[in-house]
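Beneath this line is the structure, given in structure tokens, with notes to follow.
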Amino acid sequence: MLPVPLIQLQCGVNSYEWGKKGNSSRAAQFAAASLDDNEFKIDEEKPYAELWMGTHPSNPSKDKHTGRTLLELIQDNQALLSPAIAERYQNKLPFLFKVLSIQKALSIQAHPNKKLAEKLHARDPKNYPDDNHKPEMAIAISDFEGLCGFRPLKEIAHFLDNVPALRQLVGEDKAKAFVETVKRNDGNESDEATAENKKVLQSAFGALMASSEADMTAAADKLVQSAKSAGADFTGTAVPSPGGAKLSELVGRLHGQFGADYGLFVLFFLNFVEMKAGEAIYLRADDIHAYISGDIIECMASSDNVVRAGFTPKFKDVDNLVNMLTYDFAPIEQQKMEPTDYTQDVKNKREAGATLNQTAIDSQSEIVEYNPPIEEFSVVRSLLKSQGSKVTFKPIDGPSIIICTQGQGKISVGPKVQEIKKGHVFFVGATAECVLESEDDKFETFKAFCVLDEQSNGN
């Protein structure tokens, strides 16, 4: 008889310099709960950036009780993934689940699509360790700031007209061509106008990124002085989001973190986003972004490929970044994800994936799904709001990883019942019914899972 497919995991934490220090880092807090005292103690002077949950070889999760890696367990028993997923994803978990704790901005970056990833990996495996694409989703668990996708073009045109240092670095000819094209195509949504707009966007952005280090440094000094002296009037009147005062503060803060950097100017090309806990954004492969501050749950296709171009001491690949981007532009609202009630049917998509007991219903507990337009992963957030509240996840034909982010309770699969509290992480095998029961007034978990599109139950 096979063991019950409920496995408590030990998960490693990465200490990148952009992470929050010591116990202020959720990634560190959760790692401390996941690992034994003799294996991990939080150092208050050390930054802790990412907790990794999954089978990726850079930081693989392990069975807490046997020490074997989750990858070994999956490869020994394909039923944990389901035969269809094991075949589709070469006996590996299709997704990588993370907690990020961000004190200092991450690099201006994008993740290559599948075709480009294969090419970059073959050419430069040191800097591009995977041949897979990396679409990703970020769900805030504290106040979050980030840069995501290109702004509406009228906003960029406003900045080129009102931020002399930006116009100087892009160059007068490119800036003028951009502003004139955007004005001429205003309100024109034809394919031809969109293609023309994307072309001038790539031209202006490419010119910025191709400018010399000396020119960028001189322009950065001018930009920082202007931001400091102008305050709320920075960038002129009728300022696009997030407003002159906030943009001035951001320029000062990011300059304090990185000094003169191309990222200070990329700021004016990208949407600035603020999220409260529970809000989410989805980033496709080839979408440009940078996280600035906060704590997030992040889920992505299993890859560690990053093409960077600013706010980083690491390897930069500006040419590839400029050439790979889609140059789609849209308000940030179009990148935010609206979760759906996971206890209800979604027409033509899936049946209800979970049920609540009466105690959970009475306390207005929430079970919602964030379901991006790819099949490698979805994420369900469960917030049980009273002791005795219970959610039962229906069996799905795919694997799940569950992390508790606040409170405590019990997790059970079949006859196996275990304690789960803040920082605990569990793997649940395919086709298993899983029950969470709260022993707290606020018991929150996030569950990442994969089912293939042909199956309607759960995705």
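Backbone N, Cα and C define each Cβ position, glycine as well.
Since this is a predicted model, take the numbers as computed values, not measurements.
The feature active site is assigned by Swiss-Prot to Arg308. According to DSSP, Arg308 (active site) sits within a strand segment.
The Zn(2+) binding site annotation in Swiss-Prot covers Gln109, His111, Glu136, His289 and is backed by similarity to another entry. DSSP gives Gln109 (Zn(2+) binding site) a strand state.
Distance noted between the C-alpha atoms of Arg308 (active site) and Gln109 (Zn(2+) binding site) is 4 Å. Long-range Cβ contacts of His289 (Zn(2+) binding site) within its own chain (separation 6+, distance under 8 Å): Ile108, Gln109, Ala110, Gly146, Leu147, Cys148, Gly149, Leu270, Leu283. All protein chains shown were included, and the count of other CB atoms within 10 Å of the CB of Gln109 (Zn(2+) binding site) stands at 23.
Considering only the recorded positions Glu136, Arg308, the Cβ with the fewest other Cβ atoms within 10 Å is that of Arg308.
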